[in-house]
Each structure stands twice: as structure tokens, then as C-alpha cells.
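Engineer: Below: one structure in C-alpha cells.
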Amino acid sequence: MTKAGMTKAGEPRRILFVTGMSGSGKKTALTALEDMGWETVDNLPVSLLERLLAASPAEGSIDEGRPLALGIDSRTRDFDSRGVVRRVRSLRDGGRDASILFFDCSNTELSRRYSETRARHPLARDRQVEDGISYERELLAPLREAADELIDTTDSSTNELQALLRRRFGDSAGTGTTLTVMSFAFSRGVPRDADLMFDMRFLRNPHWVPELKPHSGLDPDVGAYIAGDPIYPEARARIEELILLLLPRYETEGKSYVTIAIGCTGGKHRSVHFAETLASRLRQEGFSPTVRHRDLTRQKSNAEESTVPGVGS
């Protein structure tokens, strides 16, 4: 594939099935993909899929060579999770470049988003929002299990989601495995889209040092304190060794995205320092990781920047 997913002559057209929980950000994703040059079709009846794919863009048309993103979910007429999975596998067997992108979000956050926007859940017209969320999660389970890529938007704002999509599907996205190193706070829950997760709570904690507590793991003094733990050098070496062993295997197996999550109690000191240190080592080894500190800077106000990537979509 060339930049932004544009297809070279003779290559199969890339097809991305965009699906997931209502309110998790699918509509935001489709809009972002369209802005990046993708052709997008939302809420396509599954029965019309073959007809759409058979109608290849005419030579010289605006859609020629553009990758295709299809929004399919529980709102779709004749929707069937297992049926969609079968169709995707059939496309692959026929030589098509087809994959599934699934957007997820915690039930609590989905409920909050619907409450905040006062939107109705598509599967809870005459029931509680929580009932609709639970029912939809059950319906979508086969798609989630078969997904090639999972994006959890529980802690993501609209802007953060758009930035993530630009990194993964935009002009700067290349071939190979896209690598993300994320720090997080166990107190705020583990990231559900992590492929590898490491717990830094065995290291001594700068939180209990008054002059270090106000600063983050980005501070050199905080980093020096953490690195001064007697177990730190060996633990770091072993963790890096394991990751460097596994990453080439992930790429060999065709995994497009790998997220390494580094956690500590508050997501401010140990996990932040170790994530930065790990990313630096990975760059030395020829990788190009993106670093994200999930809980280091929380949104000041939902009113300043929406944390609802796509309620009702």
C-alpha cells in the first residue's frame, strides 16, 4: 500500500469494516477517514455489500484507487455479526485486502455519554440505556473477537481519536506494525486495547518523596530516583529483552498495531518514566513508537473539549 492507503495499479482495493459499540466513535472515525481521502459508506445493508464491491470505481473517477471504509453495526438492516465475519473472510479468501476495525468503550462511559447528550440508544428505544448497551455488546461479540484492530475510546476525546486515526490511516501511516507505548494508572482502569502490559508498582514510588511528588516521570530527578531502585536495571533489561523478542514475531504474523501498556498506581511517575525509557530503547533498535501518557494530563472540562467521540453512531 502507498501513503494514505491509496492503491497501486493492480493491487486489491483496501476495504475496512468500521464497526463497534454505539457511542464509541464510529461516526467520528468515518468522518476522519473521509477527510484523509477514503471513500466512506455508513450504515450499508449487509445484503448490498457484494453489489457495492462489484461496482469498482470507473477509471479516472474520483474514487479510483481510494480505500473504502464501510460503517456496519447494529443499526444496519439485516445485521448479523457472524454473517459479517464470514463475508470478510470470504473477501480475504478471494484475494481482497479486507479488515475489521472495532471501536469499544466501557459501559459506564457509554452511559455517561448518552446521559450527557440526551441521545437515545438505537437498541433501547423503550428501555434503559444500560439495557441497550448490554444487548448490543452481546450482538457484537463475534465481530469484536474477529477484529483485526481494536480501539478503546473510553479515555479518548474527539481530538485524541482523530489524531490516533491520522497516525494509523493518514499520509504518515506506512507499512509494517504501528507501535504505541502507553503509560496508565491502575486506579483509572487498565487499557482494554493493550497487547502487552507491564506493572511498575514493584518500583519505589516518588509519590512518597515530598520534593518529587509534584513532578511527573518526565522530570529528570524523578527518573533518577526511580532508576536508583536496586531492582530497576535488571527488571528494565528483562522487560526490554522480552519486548524486542516479541515485536518481530508480531510483525511476521501480520499484526498491524501493537500497544504496550506500562502501568503504575497513579499514572504519573513510574509508568511515565518507564514508558519514555522503553520508547527511547525501541527507537535505538529501529522502531518508531508513539508515546501516549493516558492519565498524566486529564481533560480540564468536558465542556472545553468533548469526550464523546460519537454518541448515536
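Even glycines carry a Cβ here, placed using N, Cα and C.
Pasting the relevant annotations from Swiss-Prot:
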BINDING   Gly20, Met21, Ser22, Gly23, Ser24, Gly25, Lys26, Lys27  ATP binding site
BINDING   Asp73, Ser74, Arg75, Thr76  GTP binding site
COMPBIAS  292-303  compositional bias 'Basic and acidic residues'
REGION    289-313  region 'Disordered'
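Quick one: where do these features end up spatially?
Structural biologist: Classification of Gly20 (ATP binding site) by DSSP places it within a strand. Around Gly20 (ATP binding site), a 10 Å sphere centred on its CB holds 30 further CB atoms from the protein chains shown.
Following the DSSP three-state reduction, the secondary structure of Ser74 (GTP binding site) is coil. Within its own chain, Ser74 (GTP binding site) has Ser22, Pro122, Leu123, Glu136, Leu139, Leu140 as residues 6 or more apart in sequence whose C-beta sits under 8 angstroms from its own.
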Engineer: If you count Cβ atoms within 10 Å of the Cβ of Asp73 (GTP binding site), leaving out that atom itself, what do you get?
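Structural biologist: Cβ-Cβ neighbours of Asp73 (GTP binding site) within 10 Å number 26.
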Engineer: Counting Cβ neighbours within 10 Å across all chains shown, tell me which of the binding-site residues Lys26, Lys27, Arg75 comes out on top.
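Structural biologist: The most densely surrounded of these binding-site residues is Lys26.
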Engineer: Including all protein chains displayed, how many Cβ atoms other than that of Ser24 (ATP binding site) lie within 10 Å of its Cβ?
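Structural biologist: Total other Cβ atoms inside 10 Å, all chains included: 30.
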Engineer: Quick check for you: of the binding-site residues Gly20, Met21, Gly23, Gly25, Lys27, which have their Cα within 10 Å of the Cα of Asp73 (GTP binding site)?
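Structural biologist: Correct set: Gly20, Met21.
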Engineer: Let me know the most crowded of the binding-site residues, choosing from Ser22, Thr76 and counting other Cβ atoms within 10 Å.
Structural biologist: Ser22
Engineer: Would you mind sorting out which of Gly20, Ser24, Gly25, Lys26, Lys27 (the binding-site residues) have a C-alpha within 10 A of the one on Arg75 (GTP binding site)?
Structural biologist: none
